[in-house]
Amino acid sequence: MAASVGNRQFATHMNGVVRSCGQDLKPSLPLDFDLDSSSSDDDENDDASYLKELVRKANAETEASVMDPRDEGTADQWVARNASMVRLTGKHPFNAESPLQRLMHHGFITPVPLHYVRNHGPVPKANWEDWTVEITGLVKRPTRFTMDRLVREFPHREFPATLVCAGNRRKEQNMVKKTIGFNWGSAGTSTSVWRGVPVRHVLRRCGILTRGKGALHVSFEGAENLPGGGGSKYGTSISREMAMDPSRDIILAYMQNGEPLAPDHGFPIRMIIPGFIGGRMVKWLKRIVVTEQECESHYHYKDNRVLPSHVDPELANEEGWWFKPEYIINELNINSVITTPCHDEILPINSWTTQRPYVVRGYAYSGGGRKVTRVEVTLDGGETWHVCTLDHPEKPNKYGKYWCWCFWSLEVEVLDLLGTKEIAVRAWDEGLNTQPENLIWNLMGMMNNCWFRVKTNVCKPHKGEIGIVFEHPTQPGNQPGGWMAKEKHLEQSQEAKPSLKKSVSTPFMNTASKMFSVSEVKKHSSPDSAWIIVHGHVYDCTRFLKDHPGGTDSILINAGTDCTEEFDAIHSDKAKKMLEDYRIGELITTGYTSADSSPNNSVHGNSEFIHLAPINEITTIPPLPPRSVALNPRQKIPCKLVSKTSISHDVRLFRFEMPSKNQLLGLPVGKHIFLCATIDGKLCMRAYTPTSSVEEVGFFDLLIKVYFKDVHPKFPNGGLMSQYLESLSIGSMLDVKGPLGHIEYTGRGNFTVNGKSRFAKRLAMLAGGTGITPIYQVAQAILKDPEDLTEMHVVYANRTEDDILLREELDTWAKEHCERFKVWYVVETAKEGWGYGVGFITEAIMREHLPEASSDSLAMTCGPPPMIQFAVQPNLEKMGYDIKNDLLVF
């Protein structure tokens, strides 16, 4: 009979913290019920005491979930989380792994608050009583089940299973060459006891059709509204045979470690497909659809693939590699990791430590139910291997399948460690699969399972004794550290300075490179000295301030800080190469200190040896209290979407509420803001200019043209940020940063451009497409001041008349302020009766509708680069404008 874990209400104490989840979690019946063998003849006779003991151990030590301040102002601010989790994609969405040593401390079953999390967007708020799962498609009896019906009417299975993100250990790949995925460390795996309804029972109840009638695939769809592919649900599919195979233990899970699912893990119901990658286990399950074709969700095709190493993003799109079925990932591959020694651990070498062996430990797993049969460790680069002791706490199912990780250990003589440069591990499973020696790069950074290598180095002598320091390949997320990072920095240094030679005794960087602390970099945050940190390198950007295309603010807003994530989000490869000209040194990430000032990281007791300073997780700066101005150049501010109005088929007016209703945005006229969002696991930042007046209190408006996918042949994927904004629901939070820009209109013809004053009586204003918004902002400020007599002459280009933004406002200004404001439209194609220009911006149009060049005229423009380069600049020069000094480009 299926095991039970004790009667309980769903609103429960969860590991010491009351978890109400902001919803009603109470079912209409207790979860405990026994099933006779006749009603569960396809199920295992689970050992109830075995499962109870697993759950008891998992919950024996408190791992609290709390309201993390880092979630304040996001759509997930109601979700309780463990503060120790290492965040991999900034504040939101929540993608995180446990610190590796904390994960290993709990052993076989992972406490829920420490279970890794992969979210593509906000966590849906769910109610047990209202939630339904629809079964539809190629079934005889389409049905919508409530949660109570699923629990009451079907037998349940309960068993432990290890979940692994396909991106586990991805950061190692990113250190070789950047993939399109974020930096998972080696703790993107966890194990829980799951309880749920076998999916095959539900499909049989609904009368799933045969293969001959087209029922070839079973698709699972979640509740989230996500931006991928122009807006879609998270969905994926498996074959009909897999779904109906009793040996695979595929369930619709509603309990984890004896409790209802946590919000981050899919409350109230999710898929569990043991032995598969986590990406196939849809959370917040809403629909199961039996189909003839694979799932059509964007995330089924554009995620969880291992493409050949030569395929880059452009080739993948051009040649349709995403849609080739042979590259999809389903079952996990064989993998293993060294967890002891931990990163930066110090093993002192003395008469006591050398008398006993050091125990190297780690975990291993495989997919498809294949048992890990052997783990081996080498101390000499693979010349010889030592077979490890295996610990399999799991009982196989009645088909002999193993769904969980195992643990391995090996006793090594300390003197052998002293003589080696690295420890490496590989595992084998019962299919005789093993791990490759070298990393195999792929575009998505998936399924990395090369030998896991820990480097060893001898510490500097202290009081006549020495020690061994161990170094893992990487640290998760944007945390610094790891031998791969140091070797990469060394290679880059050698490329920049060929005279430097790599040390033959250590992978550490050449000591000739100048090192700076974070506190030292922080001091350089002004126009007189602007330093930044990117990927552990320190750059002095002071001399580039005046040349930066985005103006000095773009650098000063991040001066004195580590801006790696933001730099990568908005800069091209060309810009990244240019940055190398400004590198002055490296960031100090570890250092040797006295034992009195640093905790002992060794698992072998106290010592008087030098210890490496631990790498502490960077904590988020607490939000500033409400004040008169919302924008803070040093901080992202969370703003709530309060309204969204459709102006046309692809134009939306978004209104965002500021953190305090009595705040001004604080955006000078002429400057812009960055919208920041994590999309498909990567930070995306785009510059926008609000159309609302700078004097508005409590909110700001953005007029956005949504660039949908499959509309423009040159941009088949459409606009990343605009489609993300389109997908946002009312109440969603968005991070805003600024002000940015090198142009500021200070009133009555006066401008500040890169810190220098300029004046004009007449403005030649040229805009293309959405580039009208900064022009509009300046014009709005001028016309609000009756004593500002600056003349504005606008030429505004678009593809069609329907694409003209803010036309009603522009025409009203031209009518009511005809002496100060004039506008001329140019469209590529026109309808009959069109009274303005047709084609492109030409010299003739500009001479007719713009002021002549003079000492009191300035030109300003914003639009597509080709328009500025091939129309605006050459024609202004023909008109006598000094485009170097008299043309302002937003």
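Keep in mind that glycine also has a Cβ here, set from the backbone N, Cα and C atoms.
When Cβ atoms from all protein chains are considered, those within 10 Å of CYS165 (Mo-molybdopterin binding site) total 24, not counting its own. Annotation comment: Swiss-Prot describes CYS165 as Mo-molybdopterin binding site.
Sequence annotations record features per position, and here Swiss-Prot assigns heme binding site to HIS548, HIS571. Its own atom aside, the Cβ of HIS548 (heme binding site) has 16 Cβ atoms within 10 angstroms in the protein chains shown.
Feature annotation from Swiss-Prot assigns FAD binding site to 686-689, 703-708, PHE715, 720-722, THR773; the stated evidence is similarity to another entry. The Cβ of PHE715 (FAD binding site) lies under 8 Å from the Cβ of TYR707, each of which sits 6+ residues away along the same chain. Look at PHE715 (FAD binding site): DSSP puts it in a strand.
Across the range of the domain 'Cytochrome b5 heme-binding' (513-588), the DSSP-based residue counts are 33 helix, 20 strand, 23 coil. Positions annotated as domain 'Cytochrome b5 heme-binding' by Swiss-Prot: 513-588.
Under the heading domain 'FAD-binding FR-type', Swiss-Prot lists 634-746.
Reduced to three states, the DSSP call for MET721 (FAD binding site) is helix. Sorted by the number of other CB atoms within 10 A, the binding-site residues ARG686, LYS705 start with LYS705, the lowest. A Cα-Cα distance of 18 Å separates TYR688 (FAD binding site) from HIS548 (heme binding site). Look at THR773 (FAD binding site): DSSP puts it in a helix.
In three-state terms derived from DSSP, TYR707 (FAD binding site) belongs to neither a helical nor a strand segment and is classed as coil. Counting only same-chain residues six or more apart in sequence, the Cβ atoms lying under 8 angstroms from the Cβ of THR773 (FAD binding site) belong to TYR688, THR689, PRO690, THR691, LEU703, LEU805, LEU806, CYS862. Annotation note: CYS165 (Mo-molybdopterin binding site) sits in a coil segment as assigned by DSSP. Under 8 Å, Cβ to Cβ, and six or more positions away along its own chain, MET721 (FAD binding site) finds LEU675, ALA677, ILE679, CYS684, ARG686. Between the C-alpha atoms of CYS165 (Mo-molybdopterin binding site) and HIS548 (heme binding site), the distance comes to 39 Å. Secondary structure at ARG686 (FAD binding site), as computed by DSSP, is strand.
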